[in-house]
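Residues or ranges marked as active site, proton donor in TrEMBL: 98. Taken from TrEMBL, the feature active site, proton acceptor covers 169. Residues or ranges marked as (S)-malate binding site in TrEMBL: 151, 404, 449. The divalent metal cation binding site feature in TrEMBL is assigned to 241, 242, 265. TrEMBL lists 75-256 with the feature domain 'Malic enzyme N-terminal'. Among the features that TrEMBL reports, domain 'Malic enzyme NAD-binding' is placed at 266-518.
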Ligand SMILES: *[C@@H]1O[C@H](CO)[C@@H](O)[C@H](O)[C@H]1NC(C)=O
Ligand SMILES: *[C@@H]1O[C@H](CO)[C@@H](O)[C@H](O)[C@H]1NC(C)=O
């Protein structure tokens, strides 16, 4: 494998040195012009035949990490084909290019690492970030996903190995949202790692010292944000990904009104959860503000959801104070109540007058929630007793077990349906199979998956050149996602549209966000397109090959046909 710095963001990746793949798609005329006629077998393989070849190779592999590596090397070699393959079966490939396999790949990134992809900026590069950005070959970048690797998925501090996440996430920006891959830039801010395993790992690719924090860290981030907007403009989207809890909130609050930025772990998760809640109201037949919501967890995801639920309740007409009273948090120390020790500023907001309580079963009995949301990655936290109590308290208890992976889910879909006698409304973070009840009825557990949200948000923000991404964007996104559900006849238990419709969902989200941005004057792409949907469609990345020969002549049809 090559080790040279290969940057594969070209809009028309044409590699004459890899004639076996893209090469077979070259027309006769293209082959002649490139002087490679005769270096390829005479057959012409269309892109569909190439997709078929990749799928066959993919199926032959037995381990997901190998499949990940197959796809990553395809991404390096032939970007258009890579995205064509992903789009051919997004449900099959998402678990490979993104969670859970990407986590596995990050843990062994030293092994999986072939070619560098993205920009690596270290804490020792302070003062030089602007120059480094200049070495990136693309001058138009519209979306950046940046991480410092401190809290990768549920895996902890993976340092520079965390680069797999921005790379994978941006692949989904393109595969699910149609954002042009050459306008995307993955960035690793390497400030060191506190992970002893990595510091001793001979294959580790990052800085071999402890994380540098404090002023130096903040300066690095400030400089990065400034350098990016200096080079790519104020409306370059900068998505923060997998930062540790404290930094994630701090940086979001610091930059949200100054830059075009969002944090998917906080805001994307919130949007998808609120979409699920709105969908659940269809079954409970009341308003969100009629509910009492209890969170098991008080981290990024919990607080993100809590804040958005608060907004949604206010939008229904409830006052802020009354809405806050309907939201309760439980963290590792128990119920979050006024006067309790170790409460951060974010948690403080939802701390109510109440006695201190520790045990979740007791808390559920006492608070009597109608909605229970698990986001603390404590597998099995929703015990049979809790589920039974929720069913006793509510006709249709809403149970969201959002922690990933499956082993960390607060309860399974089956447990939820079993202990609530099929009355529970369930959504999870990780996918669960449909459950057939003793009555013979089959229910489809909802999967509250961020992939419904961030690609559409990115496409919308980029298309209209939005300057800031305020919280309303995520409430609107939740509403669009919820409304898309109704196109499907069989709603049994479903809270989200099927994942296969994701490209369509993303487009609809983008159009709605752009409409709102023009109405509220937060768009910067002018003149305003007359037909926003047509305009956004025209922005979407195409996986078809561009011919670089204006007028290619071809062999007879039958000589070129491939039967699949
Ligand atoms: C979202 O769905 C995809 C496809 O099923 C899956 O690979 C991924 O793990 C899900 N995301 C999470 C966070 O569970
Ligand atoms: C340290 O890194 C290893 C290897 O990548 C990973 O499996 C582990 O979860 C990390 N540990 C912590 C505490 O972050």
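Note: Cβ is positioned from N, Cα and C throughout, glycine not excepted.
On its own chain, residue 151 ((S)-malate binding site) has 157, 242, 243, 244, 245, 248 as residues at least 6 apart in sequence with a Cβ closer than 8 Å to its own Cβ. With the fewest other Cβ atoms inside 10 Å of its Cβ, the least crowded of the binding-site residues 404, 449 in this structure is 404. Here the CA atom of residue 265 (divalent metal cation binding site) lies 12 Å from the CA atom of residue 404 ((S)-malate binding site). Within the same chain, residues at least six positions away from residue 241 (divalent metal cation binding site) with a Cβ under 8 Å of its Cβ are 145, 146, 147, 165, 166, 169, 263, 264, 265.
Rounded to a whole number, the C-alpha distance linking residue 449 ((S)-malate binding site) with residue 98 (active site, proton donor) is 12 angstrom. For the domain 'Malic enzyme N-terminal' (75-256), the mean pLDDT of the prediction comes to 94. Residues 147, 151, 152, 165, 240, 243, 248, 263, 264 surround the recorded divalent metal cation site, their Cβ atoms falling within 8 Å of the Cβ centroid of 241, 242, 265, which are themselves excluded. Residue 265 (divalent metal cation binding site) carries a helical DSSP state (H, G or I).
In the three-state DSSP classification, residue 169 (active site, proton acceptor) falls within a helix.
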